[in-house]
Amino acid sequence: MKVAVEVLEAHDLMPKDGGGTASAFVEVDFDGQRRRTRTKPYDVNPFWNEILFFDVADPLDLPSSTIHVAVYHDRSAGGGGGHQQGRSFLGRVRLFGSSVAPSSAEAAIQVCSLDRRRLFSRVRGDLSLRLFAVPNSSKASSSSHSPSTTAAVPETHSSENPPPASKEKKVFHTVGFEPAQIRTKEFMNMEKNHSRSHHFRAEAPQPPAAAAAMHVEARPQPKSDYVLKETQPPVAARRGYRGGAKIASTYDLVEQMEYLYVNIVKARNLPAMDITGSVDPYVEVKVGNFIGKTQHVERNQNPEWDQVFAFSKEQLQADRVEVWVKDRGVLRDGLVGKVSVPLVEVPWRLPPDSPLAPQWYRLEDAERREEVGRGEVMMAVWKGSQADEAYPEAWHSDAHTIPLEAVLHTRSKVYFAPRLCYLRVHAIAAQDLVPSEETRLQPETHVKVQLGSQIRFTRPSPVRSLNPSWNEEFMLVGCEPFDEPVIITVEDRLAPGRDVPLGRLVLNKPRIPTQADHRRIMPNQWFDLSKPTFFSEDTTTTTSEERRRDSKFSSKLHLRIFYDAAYHVIDEPIQYSSDFQPSSKPLRKQSIGILELGILSAKDLVPMKLSNGVATADAYCVARYGPKWVRTRTLLGSLSPKWNEQYTWDVFDPCTVLTIAVFDNCQLHNNGNKNGNGSKDQRIGKIRIRLSTLETNKLYTHYYPLLSIQPSGLKKIGELHLAIRFTCTAWTNMVTLYTKPMFPKMHYVKPIPVLQMNYLRTQAMGVVMSRLARAEPPLRREVVEYVLDVGSHLFSVRRSKANFGRIVLLLSGVTAVARWFDGIRNWKNPVTTILVHALFLILVFYPALILPTVFLYLFAIGAWNYGSRPTEPPHMDTELSCAETVTTEDLDEEFDPFVTRKSIEVVRRRYDRLRSVAGRVQELVGFLATQGERVQGLLSWRDPRATGIFIVFSAILAVVFYAAPIQVVLVVVGLYVLRHPRLRSKMPSVPYNFFRRLPAMSDMLL
């Protein structure tokens, strides 16, 4: 068997000849075999299209083999003045044998970023390659893959030294790769059965009918399907505006999409078309087979529509656009007139140009081609891109199959979440309450505080009288605009579930002060309570002065109430929060950068519904960062939608997370209901990207796998194509942020308890969901819940296993150090042990070198790891999430709602399993408590003999340490610990035996 390395092209190489160019060639080294391509002189973007073949001695070793690819500048060809010999290094990549495809037909292009050879090497650009295997008897067929293969004679340079060992792999791939075990099986099958077929797969092929399934089939997928795939989309930011293809807009992270826009403004002087002497006009815009219609206007000869229609360039099936003005009839619509505009005469417009001014066009009779007495229509026709301001509100040609009222739910929108603020209510006391009954002089009173749907109660007053006191404080979540009043009611509990109001207070925003400084103490106030009969929730506009004038009710309520704007209201899980700004705008800091997100496209989406008997999906994306939410346009009936929409956010803290989610729109067939048809939008997948892991001013373009945990297991629903760039505008401020607290100062001066914080977070999520649902089109509740990850705090066996795995992974470094030290003590490597002895003696006799050595070691490790730093954004890790090994029982428990709906047998089984797990945790906690109690038992005299031995031994050590220099003591102890195994017994040491015999309190437990 042979391995073929097809060298395609390179891009943006480093100039080396002094004239801004380079004469590049590629050298590939595999298993001691070295081949090179031809030299491409004077070109920093060279094309080779050459295939280099290498022999494979053992196909079983191929997945673990390494392929070294290096790019050099040929000085003899590139010049630079005189005849120079030798070559200059331009970059290198390191590939593994597991990335070799079984055949040429299955090999995808791998775009690899060039890596530097040394820390300070100047390297840039990328290299495109294809790797595939070729059977021994298929040389002739494999050589026909490229016409330039026969012309490219490989050169073997066995006399040259092999390239130095490469650093950690830093290569991005356009497709995923299967595990090494599957690849090994394929290569062995290819070596045995190459005469029958050149296409090999370890798993059985899927039937064609599986593509039309309404859910994801539970089939095993290779782990490579869950990785990022770097791409090279033709966007302006990556091409650098080469070739004059610059987009005249800020849309430089997405591909330009061309549209034909038709703006129908209004009409005038339309002729009467019915016996009533009027007309019910509407406009029909036709381009080929695509027809868009406006709303009809009842009995109006001078109607106005102001409707924009957008037709994609791919859907232009005619050479002209026709605008028909028709009269809506009972049996048949009548034709008023039409306007025809050739597409060759339509002008091109791109922002920042001003909008195209509409013009009056005379309507002509479609049959007689006359313009007499048909009226006029005002419209504008132009060609533009998705950067046009008419794009979000336009009717698009792919929406011709849905009702006109449902077009509202397909538009792209930007939402801003309301500014949230905590409301503090301190109920202190009340005076002169009037009881509900004359004989009830000792009422059981409590205070009820209500803000919107949030209701809190105080405990009953310990003083049962008409002058009760509570002295309790509550926190609620309010939001701007503060249009909901705060309703405070003093109630008397006559019986369980039966509360009678004794007085009520309604406070609007003007009467509630706002505090933004923790040093300012808000004063207490006495408020007049109105009789409950004078208050109705339907008449909240009645002012307190009018109620006080109409009633001489003298009850008073002592309160301290104010909006505390110095906090940041948490409305999402803290571990991936997108904002830490306080509620008060004067306390907010300036932005440190700009985050740009380009939502390009998606591919391989799973069908989510049936439309006219065809399995399809109506996908849209929602992105959230800080208070800004964005929603892309819904693309109908496409499993590979292309949005190409770009959005920007101001960044105030780099340690924040951007969340992007994809949904299937289920509100399109709603029969005219603006709020949708009641069906929930289905989840497709979610992606989180932490900004601190992104390099500044670098463009990231990748396909992100859309993964979803379903009751049947882990499923891949498709891939989302994103372009991300984080631009820093204030380097000094960004660096200083790493030294400052994450939350505002008030969170540390007056912290909120954890349980109360969780309650407030739940309330804040509800406020955000209710406010965004009031927009048009609404951002539905299920969408906000999925983006905010509302159920992240609920118990899940899978998440518990994942967190335990994180702890084990964290402690693996400690265990590795312990194993290394055990190897030193047992002299497994005598040279290393002797060096450790020497280092130990140096540090003992020169203690001033300890801290410099430690920090120098940390610096060296960090500098060494710089070459293997992550060069791609983070993404969902299925292995870390325990998503691939989770059982069906665990998933069924995870998707069970908080108030379980399972049968009593299932609940009993799960409870028994939880008891067994809790029992092991209980043993671990008891073991840790036992060790701590043994330490306390050293001086507690619970065991008189053990304590006596310990204090006598302590007195002896005190004399020894006083008489002997500390360096001598450390040397003796160190050499004793590191002594040779021949001088060490296999029995436990004396201190260990003494510690194990100390008493604990475990024998005192019942």
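A Cβ is built for glycine as well, from the same backbone N, Cα and C atoms used for every other residue.
According to TrEMBL, the compositional bias 'Low complexity' annotation covers 137-148.
Here TrEMBL flags 1-113 (among others) as domain 'C2'.
The domain 'C2' annotation in TrEMBL covers 241-361 (among others). Across the domain 'C2' (241-361), DSSP classifies residues as 9 helix, 52 strand, 60 coil.
As annotated by TrEMBL, domain 'C2' applies to 410-522 (among others).
Taken from TrEMBL, the feature domain 'C2' covers 576-704 (among others).
Positions annotated as region 'Disordered' by TrEMBL: 136-170.
Sequence-remote contacts of a segment are chain residues at least 6 beyond its ends whose Cβ falls under 8 Å from one of its Cβ atoms, and for the transmembrane segment (804-822) they are 880, 882. Per TrEMBL, the feature transmembrane segment maps to 804-822 (among others).
According to TrEMBL, the feature transmembrane segment maps to 834-860 (among others).
Sequence annotations record features per position, and here TrEMBL assigns transmembrane segment to 949-978 (among others).
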Tertiary contacts of the transmembrane segment (949-978), as residues 6+ beyond its ends and Cβ separation under 8 Å: 824-825, 833, 836-837, 840-841, 844-845, 938-939, 994
DSSP-derived helix, strand and coil totals, residue by residue, for the domain 'C2' (1-113): 10 helix, 55 strand, 48 coil
Helix, strand and coil totals (DSSP H, G, I; E, B; other) for the domain 'C2' (576-704): 7 helix, 63 strand, 59 coil
Number of helical, extended and coil residues in the domain 'C2' (410-522), per DSSP: 4 helix, 60 strand, 49 coil
